[in-house]
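Peer 1: There's a structure below that I have some questions on.
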Amino acid sequence: MAGAQVVDSGEKRLNELGYKQELRREMTLFKTLAISFSTMTLFTGITPLYGSSLQYAGPASLVWGWVVVSFFTWFVGIAMAEICSSFPTTGSLYFWAAHLAGPVWGPLASWCCAWLEAIGLIAGIGTQAYAGSQVLQSIILLCTGTNKGGGYLAPRWLFLVMYLGLTFIWAVFNTFALEVIAFLDVISMWWQVVGGTVIVIMLPLVAKTTQPASYVFTHFETTPEVTGISSGAYAVVLSLLVSQYSLYGYDAAAHLTEETKGADKNGPIAILSSIGIITVFGWVYILALTFSIQDFSYLYDPTNETAGTFVPAQILYDAFHGRYGSSTGAIVLLFIIWGSFFFGGLSITTSAARVVYALSRDRGVPFSSVWRKIHPTRKVPGNAVWLCAAVCALLGLPILWINVVFTAITSIATIGWVGGYAVPIFARMVMREEDFRPGPFYLRGASRPVCLVAFLWICYTCSVFLLPTVYPIKMDTFNYAPIALGVVLGLIMLWWVVDARKWFTGPVRNIDEQIDHNDGNGNVKV
């Protein structure tokens, strides 16, 4: 009929699931891909953990570890893409868990998944703020004369100010309309693609000498005198942490499906495209850094130009100062890397706020009526944004007193974020196939084996992030993530047992009349 309004396929499916369209649906595939890509980011996962991972087992373990982790990451991404195609909602993971687990286990599954996801995303903001502050600390040090030349190394209090400042700026930007965030994330995508290309090409060319391929691809070296780890196998396991930390975040596309056109198709495409781009660019970035190492032991020397605090910064400095006698080039490339942290934190804040909003919409957060409010004209969950920023700020306060803040926040972010993936994937694996209503992206008979591999890989990833990373274990080297997660998750489960199980039913429909979908055999599926 001429003039009839065409209903978006994603909105139609959303209505079938019992939700009305509240958020503005204007994100294209490219913009959704940009946000998903920005959340994963090229630099922000690899850069802060590159030095420690290299030190555990040498270059070969780091380089090939990325390939191994990428391989298993594809299983997780493919499993999530299939589910995203069937359930294109802002609640994403926890909504998936509720529906896939069924009416009996659905409430508990969605409760666990929602809180894991929220914890992981909010801690993820903290990882970007901390690592971004670390890069800024190195930029200031090199700009003021280097560690050897009397340069200024930002003290703890100033480091905390930078951490809080980044968190505040991201919250302010996320208070504006979504098109502002989408525009910035498009800039982010090109920033990382162009900036990353410049770095991976220029760095090995500028370095006066480069390591031979035999060193990069085959050299294995442990440093038990520094790490306290004499077991080669254990050292390899820890050297993979940089890859496991870097290769997640692709679910960001799922958080924005209620705001994406044709989300049942474009959501899965954005998830898989993000993994593909990061897999290739990340490996090339690791190779560029590793080939450009001038002196392995000097990278960690506390008397070097970057005070031994940030290995990638020292690699950049050695390359440019060795060639030109100046640190200007290193500073420029560090600024490109810092920009990646800035855009990554902005995107993760967007995702975190959407999860808190969705959980609040279903009355799963204290004072839900406050956090689920949508700005009347900007159509963004502003209160949820500021709640995420406030919790992130609290996570950063221990910077003033302890040295293992980044280790703890990284572990919490990874376990929470990736652990949240496990719940819907496991539910999809064990449910009856006839109860699953597939979207355009459907694995058919391959679904169960893909989900099994993905689930086991997630369990392994969460386990290794609970391990001690330095021996002997002392107060200043202890990985506090098990205690922090144990306390928080323990309180959340106690709340469930004592009270929440009586009223929390998972996703709450906000549309009065459900639109049925007939599968062609007389059966109605939702």
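Cβ atoms here come from the backbone N, Cα and C positions, even for glycine.
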Peer 1: With TrEMBL as the source, which of 29-51, 121-143 is set down as transmembrane segment?
Peer 2: 29-51
Peer 1: Please figure out which one of 157-177, 269-293, 330-359, 408-430, 477-498 racks up the most CB pairs under 8 Å against the transmembrane segment (93-111).
Peer 2: 408-430
Peer 1: At a C-beta cut-off of under 8 Å, are there same-chain residues at least 6 beyond the transmembrane segment (380-402) that contact it? List them, or none.
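Peer 2: Same-chain residues near the transmembrane segment (380-402) but 6 or more away: 121-123, 125-126, 129-130, 156-157, 159-160, 163-164, 167-168, 170-171, 174-178, 349, 352-354, 356-357, 360, 370-374, 409, 476.
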Peer 1: Under 8 Å for C-beta pairs, could you tell me which stretch among 189-207, 227-248, 330-359 has the largest tally with the transmembrane segment (450-471)?
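Peer 2: Going through each listed stretch, the top one turns out to be 227-248.
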Peer 1: State the residues, same chain only, that lie 6 or more residues beyond the ends of the transmembrane segment (227-248) and have a CB under 8 A from a CB inside it; answer 'none' if no residue qualifies.
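Peer 2: Counting only partners 6 or more residues beyond its ends, the transmembrane segment (227-248) has Cβ contacts under 8 Å with 40, 44-46, 49-50, 52-58, 61-62, 65-66, 68-70, 73, 76, 220, 275, 278-279, 282, 410, 414, 417-418, 421, 461, 464-465, 467, 469-472.
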